[in-house]
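**Student:** If you scroll down you'll find the structure; I have some questions about it.
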Amino acid sequence: MASLRCQAEQEPLLGHRTPGSREWDIIETEEHYKSRWRSIRILYLTMFLSSVGNIAVVRSYIAGATSLQERTSSMANTSACQALGFILGPVFQTCFALIGEKGVTWETIKLQINMYTAPVLLGAFLGVLNILLILTILREHRVDDSGRQYKNINFEEASTEEVQVPQGNVDHLGVVTINVLFFTAMFVFAVFETNVTQLTMDMYAWTREQAVLYGGIMLAAFGVQAIIAFLGIKLLSEKIGERALLLGGLVVVWVGFFILLPWGNQFPKIQWEDLHNNSIPNTTFGEIIITLWRSPREDHGEEPTGCPAEQAWCLYTPMIHLAQFLTSVVLIGIGYASCHVTSYSLYSKILGPKPQGVYMGWLTASGSAARILGPVFISQVYTSWGPRWAFSLICGIVALAIILLGVVYKRLIAFSVRHGRIQE
């Protein structure tokens, strides 16, 4: 986790220099700083080990324990740790396959360690380790948008300035807007993730094994690219801000799906159904023997490939070239990463210094709903109408999200900025 440190994490927060003074107004002590970032890094580890069920709580804590200048960087680190866990989890499971089904047995407690039990045991061990680290290291820290700590029950420091929670109303229009935009980002990602296997089988006549293998490789590369993008967003956000990054991410996603639309006059290979005829053909005895000899081998060794003829759109829809597909994978990966991080960061800043658990739960719920509805949408539209209609509708949805963001762009500002406590 040390590699995720950035400039904002390397020294305590400092206030503004007063006129005529040679010293900074220190608003955080060294002890408080070390304790705060130890706690945040424990939550990075939690997202890496077991993010399912913890996302809203972890992001709510980090939003309350970071200042505005640290927020985007911390949210990007959180997303990167989560993505890294999703990538390395299947890798570890694959490595455990080397143990084999028999494995070894611990006779004392009758415990068999094989390719099936080893991943579960490792997960349980890491879970217990995570719990111990949380109990021993994690402390409650809350700071305002400038970095001043609020009074808490876990950490007391007499020399550190403590402030009261500012009063003010949350911009509910901004809250609803971010929820809608986050839903859109997660929806289009779920659509793309679900459709990879079927699309490649239809367009490139890949077998099931090829589609699963190559699709898995592409999604793994997608995850690695997302981690790199998460870390790059930390740097870009300091120069152009989260709103511009969110808008740019949506535009890149739209371009990615637009490129994915079928163009040209080259059509995919058609998978024709076998025609069955009950009439007795006029064949010789030798031809019958040859047919009986070949048929079982062909049926067992080969599977039909191509775009199924029962999908009527296969007959008139041009194929999506592999270069098109790979280009869209790169663009959608970059755009999704940008939207994911900036949505959480902007959302936490709009909510302000008040506890954000309930609001973060809503944002997580909107993302979960998108992950449910996305596969249902693409499975129905793609099968019935084909990729041209499916991806055109996705382009329309993303375009509406871009328009919505443009309309409320100026409203998506931090709580303290909206109430005039901090300059943007």
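A Cβ is built for glycine as well, from the same backbone N, Cα and C atoms used for every other residue.
Please treat TrEMBL annotations as automatic predictions, because they have not gone through curation.
Sharing the features that TrEMBL gives for it:
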DOMAIN    1-413  domain 'Major facilitator superfamily (MFS) profile'
TRANSMEM  42-62  transmembrane segment
TRANSMEM  83-100  transmembrane segment
TRANSMEM  120-138  transmembrane segment
TRANSMEM  173-192  transmembrane segment
TRANSMEM  212-233  transmembrane segment
TRANSMEM  245-264  transmembrane segment
TRANSMEM  325-347  transmembrane segment
TRANSMEM  389-409  transmembrane segment
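Tell me about the setting of these features in this model.
**Tutor:** Predicted-model confidence for the domain 'Major facilitator superfamily (MFS) profile' (1-413) is 78, expressed as mean pLDDT.
Listed as Cβ neighbours of the transmembrane segment (42-62) (distance under 8 Å, sequence separation of 6 or more from its ends, same chain) are residues 1, 4, 71, 74-75, 77-78, 81-82, 84-85, 123, 126-127, 130, 133-134, 137-138, 344, 348, 355-357, 359-361, 363-364.
Within the chain, the transmembrane segment (83-100) has long-range Cβ neighbours (under 8 A, six or more residues past its boundaries) at 47-51, 113-115, 118-119, 122, 220, 223-224, 226-227, 230.
Away from its own ends, the transmembrane segment (212-233) comes close to residues 4, 72, 76-77, 79-80, 83-84, 86-87, 193, 196-197, 200, 206, 245, 326, 329-330, 333-334, 336-338, 340-342 of its chain (Cβ-Cβ under 8 Å, at least six residues beyond either end).
Through the fold, the transmembrane segment (245-264) approaches residues 181, 184-185, 188, 233, 236-237, 317-321, 324-325, 327-332, 334-339, 341-343, 346, 386-388, 391-392, 394-395, 398-399, 401-402, 405-406, 409 of its own chain, all at least 6 residues removed from its boundaries and within a Cβ separation under 8 Å.
Proximity of distant same-chain residues to the transmembrane segment (325-347), defined by a Cβ-Cβ separation under 8 Å and at least 6 residues beyond the stretch ends, is recorded for 59, 71-72, 75-76, 78-79, 175, 178-179, 181-182, 184-186, 188-189, 192, 199-200, 203, 218, 221-222, 225-226, 229-230, 233, 237, 242-243, 245-246, 248-257, 259-260, 359-360, 363, 412.
With a cut-off of 8 Å between Cβ atoms, the residues of this chain six or more beyond the transmembrane segment (389-409) that come close are 173-174, 177, 180-181, 184, 187-188, 191, 195, 243, 246-247, 250-251, 253-254, 257-258, 260-261, 378, 381-382.
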**Student:** Is the transmembrane segment (173-192) packed against any residues at least 6 beyond its ends, judged by a Cβ distance under 8 Å, and which are they?
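**Tutor:** Answer is 246, 249-250, 253, 257, 332, 336, 339-340, 343-344, 346-347, 350-351, 359, 362-363, 366-367, 369-371, 373-375, 377-378, 390, 394, 397-398, 401, 404-405, 408, 411-413.
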